[in-house]
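Enquirer: Got these off TrEMBL a minute ago, pasting:
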TRANSMEM  B:33-53  transmembrane segment
TRANSMEM  B:94-119  transmembrane segment
DOMAIN    B:95-282  domain 'ABC transmembrane type-1'
TRANSMEM  B:126-150  transmembrane segment
TRANSMEM  B:156-174  transmembrane segment
TRANSMEM  B:195-219  transmembrane segment
TRANSMEM  B:225-249  transmembrane segment
TRANSMEM  B:261-283  transmembrane segment
Amino acid sequence: MSALEKSPEAAGGTPLMTLGGVSQVFDTKAGPIRAVDNIDLSINPGEVLCLVGESGSGKTTAARMAAGLARPTSGQVAFDGTDIWSLKRNDFTTFRRSVQYVHQDPYASLNPTRTIQQTITAPLFKHGVVKSKKEAAERAAELLTKVDLTPPENYLSKYPHQLSGGQRQRVAVARALTLDPKLIIADESTSMLDVSIRISVLAMLGRLRDDLGVGFLFITHDLAIAKYFGWRGKTAVMYLGRIVEFGPTPKIINAPTHPYTRALIDAIPEPDPDLTKTKGRESLRSLEIPSLAHLPSGCSFHPRCPQFEDGLCDGAIPELTTIRSGQSAACHVVARDGVPGVGEGGHPDGPGA
Amino acid sequence: MADATIPVSAVGTTGVSRFAGILSSLRRSPAGFIGFIIVALMVLITAIVPFFLPDVTPNVKEILLPAGSPGHLLGTDNEGKDVLIQMIGGGRTVIFVGFIAAAISTALAIVLGSLAAYLGGWVDSVVVTLADVFLTVPQIVLLAVMGAFFKLDSPLLLALLVGGLSWPVLTRAVRAQVFSLKEREFVEAARLLDLGTIRVVFVEILPNMASFILMNFMIGVTNAIYQLVGLYLLGLAPLSGANWGIMLNRAWIAGAIFNDASLAWILSPILAIVLLLLGLVMMTRSLEEILNPRLRDR
């Protein structure tokens, strides 16, 4: 049913991680909330998958399910081809070590009572990676060097409160690297950092991606960051718990097909004022984001969508269908008519390539 | 408890520099340092000085001497025994029972409370129900009943009894704290690194509430001392030997408060107890600075 399963990359070798028809429903007093509704994703070894969406779109819930921190209400989370929730204890431990998570808030993700060295060496000791204290200290120094905290001796004996936000986030990344993971889930990992720090942390992550061959599930609300980090990977755009568009990052940025993605791209300010004027923004019909507890019928974007067609869009939930090679969108109108505006020069090269 | 709260660092800190660090943090808060000195002095005096003092012997010729009498600085009691010597020697059982009982109840509270919160499910239900049962039983009545059945002459037995009854309040407080701490992201990170339940609870979570636990340990010591003295005052524990509780009991029964001359007799154990508890409470301030890295580095 999903366009992903047909994609050539997934057809060869086993993907590192697949989310198949995964949903997460939270029961609340206001009724069930479908935080994540039937999404399919797959990440190949060493690949970057960006998950983009606004607040409340279910990005973090999806990431937590991928990390095995939350059990999906329905659907399957598979690692190396096997459902993680059917794994035996030992195999689950292997999965745990292979998938690491870098949290959004570096002020909350490091234990304030432990020094950086204690934080980094604890997993090394626990899993027998190192034998002696000396070896552990060397390994910790090595990891800190990898995340650009040099010289490492300056940081090892520090407590988190003595470090800046960017330094803390680097420590969190170093900790995620301790057990040589195959996949790192970065949940808005740079969103709490200053802009100047953000770019250097992103550059550091990019280097790890290239040097260590680690796969990334990179979650962000900022398309510019997805563009910067995931240019060679893929991007999935989420809206209210569903994936509305999926494809290689350059295509999503430069030639978006789904009206929601187009609105997101249009909302990015251009440095060139002339370009901004000619950009031809499509205005949304409403700026209000519907509540997850009372999702609109049919396509959940229809109350805001500029291409809304009565009777079509509020009827059935659109499925993710291939629009162009490798790029798929969940939109009735686009699936029927193709992409409007293409050929009118609406989106030349995306934002400041 | 010290082992759980101050994990030994891998490198960088040697035992000596850590000890020096503790000393310097102790000095940083004047109130805390004074408290520390009061407690240290009282513990030392009650532990060592009695060996160098003469035994108190009943003396019918010198009963109920007022304070300031020659040879008896704080006067004598109704058997003619010196009050000062009794006061100095009378702290041993009280301090011992206070600390041991608080250690027992704090240890129980830490283990039960944190595991209940972290594991949840049936473990949580069992612990909470047990705590509720212990909370509902009126302790002084239970102690009275126990006192009737068992011979409570061993300080260790007294400590076990007092400590074994006073864990529920702290258990529920620890449980509440762990409930909030376990949702913190650094705990999640530790779980993702598969550090193991015991490690996550006792190394990652508990040190974050070290000062809270320590405060409660000190409160536990004061409560245990009050309970013990209460037991003696009510005559529920055997009145053999001499300690502050027994002094109070005898002075009270002899009607010392109605006699100007024997005021020092009844006031001296009270003064000793108040001074000790004051020192303990003041000391907590400094200990908090030692355990909290954020305060330590100021």
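For all residues, glycine too, the Cβ spot is worked out from N, Cα and C.
Unlike curated records, TrEMBL annotations are generated automatically.
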Enquirer: Take a look at B:33-53, B:94-119, B:156-174 and tell me which one has the most Cβ pairs under 8 Å to the transmembrane segment (B:225-249).
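Expert: The stretch with the most close Cβ contacts to the transmembrane segment (B:225-249) is B:94-119.
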Enquirer: So, does the transmembrane segment (B:126-150) come close enough to the transmembrane segment (B:261-283) to give 3+ Cβ pairs below 8 Å, pairs being at least 6 apart in sequence?
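Expert: Stretch pair does not touch.
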Enquirer: Same-chain Cβ contacts of the transmembrane segment (B:195-219) under 8 Å, 6 or more residues past its ends?
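Expert: 1, 4-7, 102-103, 106, 109-110, 114-115, 118-119, 170, 173-174, 177-178, 181-182, 186-187, 280-281, 283-284, 287-288, 291-292.
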Enquirer: Which sequence-distant residues neighbour the transmembrane segment (B:94-119)? Criterion: at least 6 residues beyond either end, Cβ under 8 Å.
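Expert: Distant Cβ neighbours of the transmembrane segment (B:94-119) are 1, 4, 42-43, 46, 126-128, 130-131, 155-156, 158-160, 162-179, 182, 197, 200-202, 205-206, 213, 216-218, 220-225, 227-229, 243-245, 273, 276.
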